[in-house]
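Participant: Below is one structure. I have some questions about it.
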Amino acid sequence: MNQLRLEPIKKVSGTINIPGSKSISNRALLLATLASGTTTLTNLLDSDDIRYMLASLKQLGVSYRLSNNNTVCELDGLAGPLNAGEPQTLFLGNAGTAMRPLCAALTLGQGQFTLTGEPRMEERPIGDLVDALRQLGAEVSYLKNEGFPPLNITSTGLNGGNVEIAGDLSSQFLTALLMVAPLAKGDVNIKIKGELVSKPYIDITLALMAQFGVEVQNNDYASFVIKAGQRYVSPGKVLVEGDASSASYFLAAGAIQGGEVKVTGVGKLSIQGDVKFADVLEQMGADIEWGDDYIIARQAKLKAVDLDMNHIPDAAMTIATAALFATGTTRIRNIYNWRIKETDRLAAMATELRKVGAIVDEGHDYISVTPPAKLNTAAIDTYNDHRMAMCFSMMAFADCGITINEPECTSKTFPDYFNQFNALAN
């Protein structure tokens with residue numbers, strides 16, 4: 001087993017240019033594929049999830065050219081759906097941002113497709129999306145367990161019509177449905193059942209669809225209307241914003257042990273909801289400064305918060321470890337969907353926080369964290385979850401340091417994370 005020892009860090013300062021957003025990268029690749037014209041994507045994220053998407057697109061006949069560092073991609077659109085003359089099996093690792101949108105997109109054209117992934121992918125639900133696609137006439141079947149990948153898709157195009165989709169588990173299901181709806185054979189009316197989680201991720205989807213020339217009528221997130229006969233048209237260039245969830249670790253570092261840490265690539269003009277993480281740090285007492293495309297965090301005495309963080313579920317994980325350096329009990333609420341991510345993040349976070357001495361209350365959809373008088377070092381298990389590894393790097397700001405098991409799991413979104421993190425200490 002690989003282990004990384006982080007010795008105590010007394011002070012951090014510097015500037016970090018954040019790698020491209022995973023959410024935006026994979027959405028933009030799919031829209032560029034369905035669009036007419038050639039799209040140049042810059043600041044594309046170079047990570048596992050994006051590689052799975054690119055490999056699948058290539059297998060399905062999509063032509064693209066990548067720069068040497070894999071962050072610029074020039075992709076020739078198909079001006080319509082993906083088709084396959086022969087049955088295709090696509091392996092998507094543990095990339096939810098590839099599995100869900102591709103599952104929907106492959107129902108638009110003609111062909112036979114099998115979607116598979118790593119063992120954890122077979123535990124991540126997709127039933128709500130499949131149910132919605134079936135309401136529009138798609139033929140999708142489960143190869144193992146009902147409601148979970150692997151999947152078989154026999155596609156003959158998607159009908160228009162009325163469709164209901166659950167909103168309370170993952171916004172990725174709605175994102176997938178929205179992106180394919182314009183290419184259905186008739187108007188699509190989507191009604192959301194229950195409360196829609198992670199609304200800001202839907203805003204990312206709608207903003208990108210608009211960039212590619214498609215209009216969606218959003219009725220206060222309770223329903224959406226997508227008119228038929230629309231076509232995606234390449235805007236020519238798409239700049240992928242820095243990943244706001246990835247920015248959260250560096251901003252927290254500045255708040256806990258700054259100096260001054262500046263992250264570039266995200267800011268006031270960002271379309272990602274996770275930039276609101278900086279507002280939470282500010283509520284905890286941090287000194288935050290906003291620019292159009294940067295955010296600066298400076299150290300301050302941090303105090304606990306009690307907040308609903310449904311709108312920033314990924315970045316909220318960073319608050320759980322930042323709470324170790326705040327006075328009082330921090331409570332993070334309405335985060336049930338942590339349980340269906342790369343691992344059951346609620347259970348994993350509770351287990352690992354207790355290792356360093358925190359008093360933790362783990363509920364069905366919340367976690368509360370009270371720091372001990374003195375933090376102790378531990379070997380942190382990462383559960384093959386990139387965010388667990390990055391969150392617990394904050395323990396380097398304790399007098400005891402920390403050991404991270406299997407640190408290479410950050411390759412899912414941020415292969416270079418620990419090099420960048422250590423650079424701030426020097």
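Every residue, even glycine, has its Cβ placed from backbone N, Cα and C.
Values in this document were obtained by computation on a predicted structure and should not be read as measured data.
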Participant: Name the residue, out of Lys22, Lys237, Lys276, that Swiss-Prot lists for the same phosphoenolpyruvate site as Gly96, Arg124, Gln172, Arg345, Arg387, Lys412, please.
Facilitator: Lys22
Participant: Excluding Lys22, Gly96, Arg124, Gln172, Arg345, Arg387, Lys412, which residues of the same chain place their Cβ within 8 Å of the centroid of the Cβ atoms of the recorded phosphoenolpyruvate site?
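Facilitator: Counting only non-site residues, the set is Asp49, Asn94, Ala95, Thr97, Asp314, Lys341, Glu342.
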Participant: So how far apart do the phosphoenolpyruvate binders Lys22, Gly96, Arg124, Gln172, Arg345, Arg387, Lys412 get, largest Cα to Cα in Å?
Facilitator: 19
Participant: Could you tell me which of these binding-site residues, Ser171, Ser198, Asn337, has the fewest other Cβ atoms within 10 Å of its Cβ?
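Facilitator: Per-residue Cβ counts within 10 Å for the binding-site residues Ser171, Ser198, Asn337 bottom out at Asn337.
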Participant: Which one of these binding-site residues, Arg345, Lys412, has the sparsest Cβ neighbourhood, judged by other Cβ atoms within 10 angstroms?
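Facilitator: Candidates: the binding-site residues Arg345, Lys412. Fewest Cβ atoms within 10 Å: Lys412.
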